[in-house]
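Asks: Below is one structure. I have some questions about it.
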Amino acid sequence: MSSAAHDNHGAGHGSLGSYAIGFVLSVILTAIPFYMVMDGGFSRHATILTMVVLGLVQVVVHLICFLHMNMSSEGRWNVMAFIFTVIVILLVVGLSLWIIFSADMLMMPMP
């Protein structure tokens, strides 16, 4: 006779604390660039650099706090799948841009 018990070996869900930390960090990482843009007192270069850096930090916060990406034995396969997906997307976008710019260079000039 088969057992009715199920063994759950999947990665655990986050706690309320990890979601709260992720939310607070996300709000802070969004508010800083928003303030810099709305204030207008910062140089264009500093504003763009801050937006890019804090945007990348926010991506990492979302991956860790909300998507539960970690290097534990359960989460390692999710990380590997995510890395593979990022590589494929970068290849598709990069090679598409290469084809578009190459085609533009080969076009005859308009008279």
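Cβ coordinates come from backbone N, Cα and C, glycine included.
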Asks: Taking the topology from Swiss-Prot, would His45 and Asn78 be on the same side of the membrane?
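Replies: According to Swiss-Prot, which assigns topological domains, His45 and Asn78 fall on opposite sides of the membrane.
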Asks: How many of the residues that make up the topological domain 'Periplasmic' (39-46) does DSSP mark as helix, as strand and as coil?
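Replies: When I sort the residues of the topological domain 'Periplasmic' (39-46) into the three classes, I find 4 helix, 0 strand, 4 coil.
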Asks: Under an 8 Å Cβ to Cβ limit, what residues of the same chain, 6 or more beyond the ends of the transmembrane segment (18-38), are close to it?
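Replies: Same-chain residues near the transmembrane segment (18-38) but 6 or more away: 46-47, 50-51, 54-55, 57-58, 61-62, 64-66.
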Asks: Where DSSP helix means H, G or I and strand means E or B, what are the helix, strand and coil counts for the topological domain 'Cytoplasmic' (68-80)?
Replies: 5 helix, 0 strand, 8 coil
Asks: As a test of reading the model: what is the averaged pLDDT for the topological domain 'Cytoplasmic' (68-80)?
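Replies: Over the topological domain 'Cytoplasmic' (68-80), the predicted model scores a mean pLDDT of 86.
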